[in-house]
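As recorded in TrEMBL, the features of this protein are as follows:
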ACT_SITE  272  active site, nucleophile
BINDING   8-13, 33, 38, 86-90, 127-128, 161, 272-275, 342  NAD(+) binding site
DOMAIN    328-452  domain 'UDP-glucose/GDP-mannose dehydrogenase C-terminal'
Ligand code: NAI
């Protein structure tokens, strides 16, 4: 029986391994982590991450051929294939601070593999890593190997949170990069055989190591660039009276461009886009390509601009001050169907409003009060470390309350900011909400999910990203 071990039981390690266990009953899968609370949660009824469909997959395999454990050494020792899916945060100190990937966790995982292995193994990079990481990992492993042979493969993960299980069941492609040697090709084949249990052969792409590593960074950079492109257009739409939905539709019907991922919004978030682009920028700079680095940097700049533009709209519309005003924040996760708040635009928007002394009442169906308070007090990039190594937040933000109901959040509020596109926000009783609010009552739709015209009929002043502005908003221009 093939044995797989995955180091790192996070958003990637947990779901990917659960699906491998489900689809390959003949393979034994152990997911290990240094965080005991995380492993305990994986072994409980309350999984550590929310992802539609995940519970069912885990329930079916756990204890059969899927195991979660803190005994990293034991499971690495037993495995034929070791996936590494640990955090690769942005460095906050030293060389490359603010851009380069911090490979501390990766290196310590590699050293454990080298230390405990007594048989040849395939080591698979699942984490997103800088190009040429495999070479560094190879060196750590071979210099400590005591005669054991390791083959390094790059198998970046393309799942999207919120649709992870769907994506894993039916991936657009699985990418496997390896050495162009007979041993490297043999290792590629072994991993291909695992995926071939459910992924059609023509969707399993094989490349050299560096192409696979770079493809992941490139794919995320392209996706983020699409969002920043639409958002850049949304600012121009507001200035000219064009409508971003109409423009995006017209643009997206060109089959070379395609319709997906073209919604105007308050900006992208999530653990990957910004981090991976910063990483790409750093690699370009290190390779003497400053123009290429500048090009990709702009994608992040537009994203930051979009968030501050949104805050400025809110403040400018409300008579240039939100001091002491209650603002309801609907949605805190970086997108719907996940509880993940890493790099969510809600953090910057809330911080911007708090900077203007607003009082915030926040509701998100999947995010806890503790998480929100941590996010609003944590330093940039600190979130991307294992939970028990993150600094504890010493204080809570007093001007923030977290509630478990959208109606409670909006009661007596002066304005509403919709920051996550949860379906339930589309069908709220806005008439009832309007009646409970201070007047004039504002809705700032950062995801373009409400029917702005209907809300205007009720009496709201509505701002929707990239849509023609209300007369009210036109009279109160926001200078970013
Ligand atoms: P995560 O933070 O949810 O999980 C990482 C886990 O690794 C944590 O539970 C941590 O305790 C554990 N860990 C760290 N060092 C360890 C060690 N030495 N031994 C054992 N466990 C260790 O992170 P997530 O989101 O799963 O991301 C993992 C990697 O996958 C990152 O490189 C990320 O960029 C990449 N990725 C993430 C995607 C996402 O949607 N979240 C999608 C595709 C790639």
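Here, residue 1 is simply the first one shown, and the rest follow in order.
Any Cβ shown, glycine's included, is placed from N, Cα and C.
For residue 274 (NAD(+) binding site), other Cβ atoms within 10 Å of its Cβ number 23. Long-range Cβ proximity for residue 87 (NAD(+) binding site), meaning a same-chain Cβ under 8 A and a gap of 6 or more residues, is found for 8, 10, 105, 127, 384, 385, 386. A Cβ distance below 6 Å to any atom of ligand 1 is met, among the binding-site residues 8, 11, 90, 274, by 8, 11. For residue 11 (NAD(+) binding site), the same-chain residues 6+ apart in sequence whose C-beta sits under 8 angstroms from its C-beta are 49, 51, 161, 164, 271, 340. Listed binding-site residues: 8, 90, 161. The one with the lowest count of other Cβ atoms within 10 Å of its Cβ is 90.
Helix, strand and coil counts from DSSP across the domain 'UDP-glucose/GDP-mannose dehydrogenase C-terminal' (328-452) read 41 helix, 19 strand, 65 coil. Note: the Cα of residue 272 (active site, nucleophile) and the Cα of residue 90 (NAD(+) binding site) are spaced 10 Å from each other.
Residue 274 (NAD(+) binding site) falls within a helical segment according to DSSP. Annotation for residue 33 (NAD(+) binding site): spatial neighbours 7, 8, 9, 10, 13, 39, 68, 70, 72, 386, criterion Cβ-Cβ under 8 Å with sequence separation of six or more.
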